[in-house]
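**Student:** First the structure, which I've put down as structure tokens, then a few questions once you've had a look.
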Amino acid sequence: LLLVLPAHGQNSVTEGPGVLLPPPKGACTGWMAGIPGHPGHNGTPGRDGRDGTPGEKGEKGDPGLIGPKGDTGETGVTGVEGPRGFPGTPGRKGEPGESAYVHRSAFSVGLESRVTVPNVPIRFTKIFYNLQNHYDGTTGKFHCNIPGLYYFSYHITVYLKDVKVSLYKKDKAMLFTYDQYQENNVDQASGSVLLHLEVGDQVWLQVYGDGNSYGVYADNVHDSTFTGF
């Protein structure tokens, strides 16, 4: 315990032996300052303040990057047809196109042998033209491979006997030609016709009648021919 004695001219009040009472208020002159205390603990955070008033509108920013392309939208309703426009100027003439493919079928044949048999096809074995091979020299018949309109003609040299010749289509005689032989002379007989053929049809020449009407003749200076296309 420290015993503080009063300064001169100051009074102190004691209560009991050895007990010094504090001086009265207003009598701190000349006292020594105490040691500073430790800082206190942080207080709890305060509540959020109120929203401030909106600020002024800022300046327009720079354009952003272009985004990805969106999906194609649904087709709209067709609009009303507009008025007819004026004719345009004619365009330039185009280049010549390729020629269309033309189907061909043709033959031209002649007789090499003087032997002809009645009521069977005449076999013309001398070939002038038969590029498509539509004429069969082993049977004497033309076979149709391309449907269409055909022209047939024949020129017969007549010698030694009369001639009766028919042009047949599908086992039916379509044309008849008759020539009566004149003795010591060479006659000519001919015929021509247009026929519409389908694929698979056959056309040929044939001697008809009895055995005295087959004077179809050919040699190195006289021809008997059969043509179709």
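Yeah, the Cβs are placed from backbone N, Cα and C, and that goes for glycine too.
Annotations in TrEMBL come from automatic prediction, not curation.
In case it's useful when we look at the structure, here is the feature table from TrEMBL:
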- 1-99: region 'Disordered' (REGION)
- 47-62: compositional bias 'Basic and acidic residues' (COMPBIAS)
- 100-229: domain 'C1q' (DOMAIN)
**Student:** So, by DSSP, how many helix, strand and coil residues make up the compositional bias 'Basic and acidic residues' (47-62)?
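**Tutor:** Final tally across the stretch: 0 helix, 0 strand, 16 coil.
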**Student:** Per DSSP, what is the helix/strand/coil residue tally across the domain 'C1q' (100-229)?
**Tutor:** 0 helix, 69 strand, 61 coil
